[in-house]
Structure formats: C-alpha cells, structure tokens
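According to TrEMBL, the protein carries these features:
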- A:5-193: domain 'Succinylglutamate desuccinylase/Aspartoacylase catalytic' (DOMAIN)
- A:H14, A:E17, A:H106: Zn(2+) binding site (BINDING)
- A:E166: active site, proton donor/acceptor (ACT_SITE)
- A:208-288: domain 'AstE/AspA barrel-sandwich hybrid' (DOMAIN)
Protein chains: 2
Amino acid sequence: MNTFNRVAIVGGTHGNEFSGIYLLRKWQDTPALISRPSFETETLFANPNAFRDNKRYIDCDLNRQFAPADLDNPSLGNYEQSRAKAINQQLGPKGNARTDLIIDLHNTTSNMGPTLILLKNDAFNTQLAAYVSERMENAVILFEDHCSMDEQLFLCSIANQGIIVEVGPQPQSVVRQDVLEWMDSMTGHILDFVDLYNKGEVPELPDTISAYRYVETLKLPENAQGERIGMVHKSVQDADFTPLNNGDPIFTTFDGSEIYWNGNYEAYPHFINEAAYYDNNLAMSLGKKVDITVIK
Amino acid sequence: MNTFNRVAIVGGTHGNEFSGIYLLRKWQDTPALISRPSFETETLFANPNAFRDNKRYIDCDLNRQFAPADLDNPSLGNYEQSRAKAINQQLGPKGNARTDLIIDLHNTTSNMGPTLILLKNDAFNTQLAAYVSERMENAVILFEDHCSMDEQLFLCSIANQGIIVEVGPQPQSVVRQDVLEWMDSMTGHILDFVDLYNKGEVPELPDTISAYRYVETLKLPENAQGERIGMVHKSVQDADFTPLNNGDPIFTTFDGSEIYWNGNYEAYPHFINEAAYYDNNLAMSLGKKVDITVIK
C-alpha cells in the first residue's frame, strides 16, 4: 500500500468559482483545519488573474491544459498555458509528481450538490468514495475514468491521485453558504480518509457503492451556422442525476418546439445547463448509474 | 389620459443576462408576437459588445449611465457611456422622449421570480401592476420610486414611463426555460395592458394591490481594508420577499460567526446575493410590504 506524504488543495482553477477561493483564504488563516498528522498539506490558488478579472479564465480554460505534450510545448505561452507549466513545476511534474494527491475545488451552476469526481477506479478511490458516501448524505460519486491519468487534461491529473470536488448549484461569481459548507465538509472527509489510509486505520466499508460513470456529452440544438437555437427543457433543468429515458423531452427550441432524447440506455444527466459550457454549446453530460466494487 | 404611441422593448442592457437577448431574437423573427393594434413596438439590443464578451459590461454598468448631466457630458466617452448617448438619441432624448414607454428586460441570480419594477406611483403604473398581478400568479410588484424619473440612472428612465422586468433566479450567462417563459409572459401582459389603456378598455381592477417598496441596500461584511469577510446567511439565501425582523441572522463570516439584522421595521429582502452586486460589496436590497392604491 502506498502512502500519501504530500497533499495539495487547489482552489480558483476557474476564477469565477468562488467557494474554493474563499475556503483557501480561511485555511491559510487557520492551517490547522486542513492539517492531518500523517501528511503535509499545501494550498495553491491556481488562476489569480482570472479571479482578479472575475472570469473563468483569461485566455483559455486552465483545467484543460495538462496534457503532457502541451506541458512540454514551449510555444504554448498564453496566461493559462503558462500557469499550467508553473503549476506542473510546483506540484508535479506530471507522471513523476512530488505531490501524491491533488484535490481540486470547483463549482458548477448545475444542481449537482457535492459531487466527488474520480478519474480512476482503484482501491484508494473506491474506498474514499465509500468513506465519503457514508458520512455525507447528499454526496454524489462520479467516475470520469474513460481515459488514463496521463491522457486526462485536468489540473489534478498532475498527481498520481487527482480528484475533483465539484459543488453546485452556485451562479458564477457568487458565494452561497450551503455550497461553501458542502465543499468544506467533503474536503475535510477526504483529508480524514487519507490520514486513516496512511495509518492503515480505514474503518470497515461496504462491499459496493452506488455511483455514476460518465458516458457522453450532449450539445445544445444548433442551426447549420452553429448558432444556438434552443435551450435545456424545463423538465430537465435542475434534475441532475435524475434518470432520462428514450423519448423524454430534453430541449426546447426558442420557437417553442420540443426535442426528445433518443438513446438506448437509462441516462443520468449532470452538468445540466452549466454556464461555462456555453462556450462550446454543450448542454449536459450523460452518465450511467453503476454499482462500484470497493477494492480492499 | 395620455396615449402610448411608441413602445420600446430593450434587451441585453447587461451582456450576460440572456433571457431578454434570446427573446429579442425570437421577436425579431416573429414581430407579430409584440405587435398590438394601438401602438408601434420597436426592439433595441442595448449592449452588444458586452454580450459578445459574455460580461455584464465592458467599461461600466450601462444601466447607471442615464443621469441627464452624464448624457450631456461629452468627456464621458467609454463604451457604455457612448452607448448611453446613442440610445438616448435613438429612444429619447430623456425628458422629451420620442418613445412613450421603455420596457427593459433584466435577469438576476436572486430568487425573485418575475418582478415588475416600477419607478413612479401613478395611474398607469398602478393599473398596470394590478392588471399583471391578476394574470400572473407569481408576479411580484416592486416600487423603486424613491427619486424622480429625472434623477433615475436607469436606461428606461429615458422615457416618461420606464419599467424594468427583472426575472430570476438565473445564473449569469445561462438561459433557463422557466425564467425565459416568465419574462415572455410578463412582457406580453404589459403590451396587452398598454393596448387596452390606449383604447380606454382597461377591465375592472381592484382598488388596492399588494406590492413592495425599496427602502435601503445592505453591504456584505467587510474588514477595515474593505475586503469581504462574510457571506449571506443560508437562512436568507433564496428567501427573496420573505420577511426579515430585528435579530434575524443575515450574514455568516468566513470564520463562522453569525451577524444579525438590526432594524426597526419588517424588511422584505430582494436581490439577495445577486452576483453583479459583488462589484460594490452589496448583499441585498430591503423593502417594505405596502398596499398600493390603484389610481383610476
């Protein structure tokens, strides 16, 4: 069993997702809140200029800049590409990182509650998911393990273990107390678990847990010129992790027509109508509900 | 009784409030939707560059640039100051406007539902409020009549009658179908009422209506350096137009202390935790509940 010696908590990867940014300030004032006996915890404010300008990013999405080839490409030099290289130097380098675990704190405008996003299905992650699920009634576990850590573009993929704490609904550029508390609480449970894991004191966990696994991303309705011509249907709005079946309404065009989902599985939508995804005309992600074996 | 010959519907005064912008597109495609027999309706997309950049504004808040002295001051020349002068030329000039009524469409991240904001207490506005209230169950009437139209800084104050349709909750840079439909419906009722008013065919209305009147604006907790040190209390979040009394919790500081409201009236908060108000560290507006006489 590997041991976690260095844990990094990252906030402000997106400059208008405020919960992590304000939690970092609190923890910097009171480091004991994120200290645990068996490892070192550091904090990193990933995108200060985007926060200064009250935007998700200055030049491009920082949380998509961590492909190894991009980190190694000196010609990629805009603000976020440069931040990615600096963060990779500080916490990484990716593939051989000095940081054992990165917890990256995010908000969504979608009604996802406190969601723990895991990038691989292994003993640590499945035990962590079980531990957190048992301690937070409204926690959601979401596996985005469709590619290797090396192939992941996320900031947290620098470390061998990288996880995302994704909490909503919260409008961009707002602090909601409920959302802040969920993020604070989930992060605390993760740190507690890592400490127990290091000490070999993980309590008894269930054999399986209920989770979701990412399958695909749906686009908003577009015309031939790629312009948005419709919106998320009101029956789907706010219904993250509520099942969607073939023939259910999913979009409404601005001229009033309904569009129905055409799919051959029971889908669990999430990131529904996320503000940041409008850049690429994305409407939502779809996942499947899965029982995950807790690997002991 | 005056007659309304020209009505302007304005959208996109703030570039990241999407409902009005998408409704304008729909109405430009199908003008019959906003045509009524007794007057001309035109539409105006107020801040296209802010929409292009997916921001509230480029240089300053367009909806605060309509003081007569500012409109007449040639040294105020940034983007929104210039847009204000151009819009004043097109719809105004303020004080002697060619447009008889301006309906300005706005979104808020606050849980205000469809709110009709009226800037003066007169026969037209009170009858309009009564007409809309009877036709939209969740409509809220809010008077911001604490100063004269001449002193108002809002775009809609160009016209002798200017009203704001303010609908939420909607995150910035998102389109929600429910919010879009409330805005569409409220605008339609306003246009219907103007047509009936012009024809002298306003139906029988109640003698009084229930409404709110703006009293004051509260700031978020700040330290001596003017930095934000707290947030809206979770018991107040989303509780727009729910009464607040002396001693009720209103803020929570980031270190966990509660702050209580100290006031000598039953307050009805609104614009609670509105994203755009963080620029000035504003937390919410407070109003009083009032019975308004419908002036016939």
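Keep in mind that glycine also has a Cβ here, set from the backbone N, Cα and C atoms.
TrEMBL does not curate its annotations; it predicts them automatically.
Structure coloured by features recorded in TrEMBL.
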residue: A:H14; record: Zn(2+) binding site; DSSP (3 states): coil
residue: A:H106; record: Zn(2+) binding site; DSSP (3 states): strand
residue: A:E166; record: active site, proton donor/acceptor; DSSP (3 states): strand
Between A:H14 (Zn(2+) binding site) and A:E166 (active site, proton donor/acceptor), the C-alpha gap once rounded to whole angstrom:
12
Just to confirm: which same-chain residues, 6+ apart in sequence, have a Cβ under 8 Å from the Cβ of A:H106 (Zn(2+) binding site)?
A:T13, A:H14, A:E17, A:G20, A:N63, A:I164, A:V165, A:E166, A:V167
Let me make sure I understand the structure: which of the recorded positions listed (A:E17, A:E166) has the fewest other Cβ atoms within 10 A of its Cβ?
A:E166
Looking only at the domain 'Succinylglutamate desuccinylase/Aspartoacylase catalytic' (A:5-193), what is the model's average confidence as pLDDT?
97
Taking the center of the Cβ atoms of A:H14, A:E17, A:H106 at the recorded Zn(2+) site, which other residues in this chain have a Cβ no more than 8 Å from that point?
A:G12, A:T13, A:N16, A:G20, A:R56, A:N63, A:L105, A:N107, A:T108, A:A276
Per DSSP, what is the residue count of the domain 'AstE/AspA barrel-sandwich hybrid' (A:208-288) in each of helix, strand and coil?
6 helix, 37 strand, 38 coil
Return the count of C-beta atoms lying within 10 angstroms of the C-beta of A:H14 (Zn(2+) binding site), excluding that atom itself.
26
